[in-house]
Amino acid sequence: QDRVREINIAAVKVAKEAIAEVKPSARVAGSMGPTGRFLQPLGNMSFDSIYDTFREQAEALIEGGVDFIIIETIIDVQEMRAALLASLDAREAAGKTKDDVQIICQFSFSEDGRTITGTPPAVATTIVEAMGADIIGINCSLGPEQITPLIEEIASVTNLPISCQPNAGMPQLINKQTVFPLSDEEMGPLMLPIVDAGASYVGGCCGTTPAHIQSISDAVKAHTPKERAHIA
């Protein structure tokens, strides 16, 4: 709690050192996940307190030198608003623009196609795009097949780049352990409908391994995506 700046700057440094050895052209994204608390009146956290939490981390990530800030696994549009505003303000205060640091907003949706607080993808997209998000997407909670129609919904209301990081299938409880059923061989081909739906940044979330990511990369590189419709 008292070492947010130190830890985040160190994390960016380690990531940059790692890619320098393997792939110098790779870029670094700094992840900001949910606080685990709801804003008032659903919870006891004020908008300002949530904003301050995200602002501190965003400032550290930008100081460390990230290329992206990825606000991910957010299930409440109000928390996303606080995180996005904090990131935009931190970027501006650092004298940087989206050419220096892009901000990705990724929501998590339930099986009913809404966030846990009831917001559908199209509405969530409209809100964060109006605020200034650079990339909009989805991660966690669902597998590729469940997420595909939600990506289609996002693409129907925005021309911004779309990102997507599904789980390796829907989680199952086996012998008191959470298991994600999709193998790496299965995961890659299942990502292609997501790419055809409009996603241009793809990866994996819970249950995925380096082998899953390699499978996704191989499948996408060999695929010619459908042309995305332009929203007037």
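Any Cβ shown, glycine's included, is placed from N, Cα and C.
The Zn(2+) binding site feature in TrEMBL is assigned to C140, C205, C206. Among the features that TrEMBL reports, domain 'Hcy-binding' is placed at 1-220.
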Binding-site residues (C140, C205, C206), the one with most neighbouring Cβ atoms at 10 Å: C205
Environment of C140, C205, C206, the listed Zn(2+) site - residues of the same chain whose CB lies within 8 A of the CB centroid: T73, S108, N139, S141, Q165, P166, N167, G204, G207, T208
Arithmetic mean of per-residue pLDDT over the domain 'Hcy-binding' (1-220): 97
Three-state secondary structure, which DSSP defines for C206 (Zn(2+) binding site): coil
